Amino acid sequence: MRKINIFDTTLRDGEQSAGINLNLQEKLEIARQLERLGVDIIEAGFPASSKGDFQAVKQIAETIKTCSVTGLARSVQSDIDAAWEALKGGAEPRLHLFIATSPIHMKYKLQMTPEQVIETAVESVKYAKRYFPIVQWSAEDACRSELPFLAKIITEVIKAGATVINIPDTVGYITPKEYGNIFTFLSNNVPNIEKVSLSAHCHDDLGMAVANSLAAIEHGATQIEGTINGIGERAGNAALEEIAVALYIRKDYYQAETRLNLQEIKRTSNLVSKLTGVVIPPNKAVIGKNAFAHESGIHQDGVLKEKTTYEIISPELVGVQSNSMVLGKHSGRHALRNRVEELGYTLSDEEVNKLFVRFKELADKKKDITDDDLVALIFEEKFDHFKDFYQLSSLQVQYGTNQIPTAVVVLKDGQGNEIQEAATGAGSVEALYNTLERCFKTSVTLLDYRIESVSGGRDALAQVFVKVRVNDIETSGRGTAQDVLEASAKAYINAVNRVFMIETMRAENQKVAMQ
């Protein structure tokens with residue numbers, strides 16, 4: 001059975017989704033979970049694009065031990081140099097080089113002739129091979145490229161030392177039959193193509209990213225690129241969890257397999273969703289909450305008699321737990337730590353101590369603490385602190401029928417100074433956000449607001465997700481609390497803190513550029 005390598009680009013292509021801005025700690029946590037999932041390659045970022053991306057790629061490369069870490073680079077020496085400095089400490093450094101090959105890109109974006117594009121591609125691969133044992137070369141917009149030219153340039157980059165050839169459907173234009181035919185054409189028209197790995201990278205603009213990826217496997221691809229939950233620019237990328245499960249369920253047809261630990265899929269999906277703020281649609285294949293629900297009476301009757309009548313994927317296959325351990329106010333620190341580790345999270349002693357305090361506070365108000373509650377507390381303690389920016393000290397909201405809602409908020413800034421403001425609004429949340437905007441002394445546009453319960457019951461934790469725009473920066477934020485307004489405030493502060501973090505990084509990058 002053929003082995004298919006899984007190339008995860010959640011941290012690079014996935015993060016290009018509008019409003020997703022992950023900090024270093026969040027990227028590291030996702031990378032660790034991808035390692036537990038068993039992906040073969042993690043594309044950690046674009047090292048030359050910014051100081052922040054460089055540091056993230058470097059730390060991920062030095063942290064991850066059981067899979068290869070790569071970074072993206074344009075076909076210029078400075079990008080390749082930056083990528084090597086970021087990746088050289090990894091277990092298996094590899095580079096992902098790209099240049100556009102379609103007529104429209106060569107003419108309008110690159111403003112280069114086809115001959116110049118070939119020369120640039122060859123020289124960049126030769127230069128990269130001085131550093132990297134594995135060089136992946138991508139033909140950007142390959143699916144709108146002329147096939148004879150595509151075969152010609154691939155022939156030359158293989159001669160120059162490329163070890164993986166990637167065929168991206170950059171704009172989500174191709175159909176499965178056409179995409180498969182490209183791989184067949186290249187296999188028949190590129191000398192020595194059997195000496196390299198062929199890779200597929202599909203976007204979902206026409207809703208065919210997963211189907212196209214599977215078609216590529218049928219026609220010789222041995223590496224598939226995609227993201228968790230299919231997140232990515234525009235309509236997103238191929239959803240890796242769907243491809244992996246399709247290969248597992250239909251191994252009789254595809255005769256191919258991955259090395260993914262499928263039981264880690266749900267946990268990985270939830271982690272990415274919570275950290276990015278991108279909600280998982282309930283009808284999402286493999287990991288949506290309705291994926292294993294049966295509404296029809298006929299279906300329910302069949303499933304009760306024999307699950308396989310209507311259920312081709314068992315919830316347990318992808319790590320959906322039928323039950324979870326419940327902790328309470330009498331649970332100790334040791335039980336808490338054990339459960340945190342069983343859930344797949346690594347916390348320092350200091351983080352466990354802080355989490356235990358939050359856990360006890362919640363246990364005094366809520367009888368049973370479920371796994372979902374615990375994960376929400378972990379996220380708040382581990383990822384939601386921006387020590388150099390704003391933190392919520394207290395809030396008070398006055399609301400009554402036929403009264404104007406009024407909010408009073410006290411924040412602490414990065415220097416420990418208290419800021420107190422008050423404002424009114426048409427509703428409690430608007431009053432709260434108007435007050436916070438005064439505290440920030442900057443104009444904030446709320447683009448999206450979403451609330452959900454973490455678990456069931458009247459005493460359930462509330463989790464709020466927001467998306468905001470400040471100047472030209474869009475970010476998302478999240479907040480968790482038993483009180484809806486407190487969760488709303490935390491989410492808003494979290495999102496705006498991310499804006500300030502990005503502005504700080506931009507300023508640092510400008511200083512470096514001027515030196």
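Each residue, glycine too, has its Cβ placed from N, Cα and C.
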Annotated companion of Asp13, His201, His203 at the Mn(2+) site, Swiss-Prot, chosen from Asn181, Asn229, Asn237:
Asn237
The region 'Regulatory domain' (391-515): DSSP-derived helix, strand, coil residue counts:
44 helix, 49 strand, 32 coil
With an 8 Å cut-off on Cβ distance to the Asp13, His201, His203, Asn237 Cβ center, who else from the chain surrounds the Mn(2+) site?
Thr9, Pro168, Asp169, Thr170, Cys202, Ala209, Glu225, Gly226, Thr227, Gly232, Glu233, Gly236, Ala238
What three-state secondary structure does DSSP assign to Asp13 (Mn(2+) binding site)?
coil
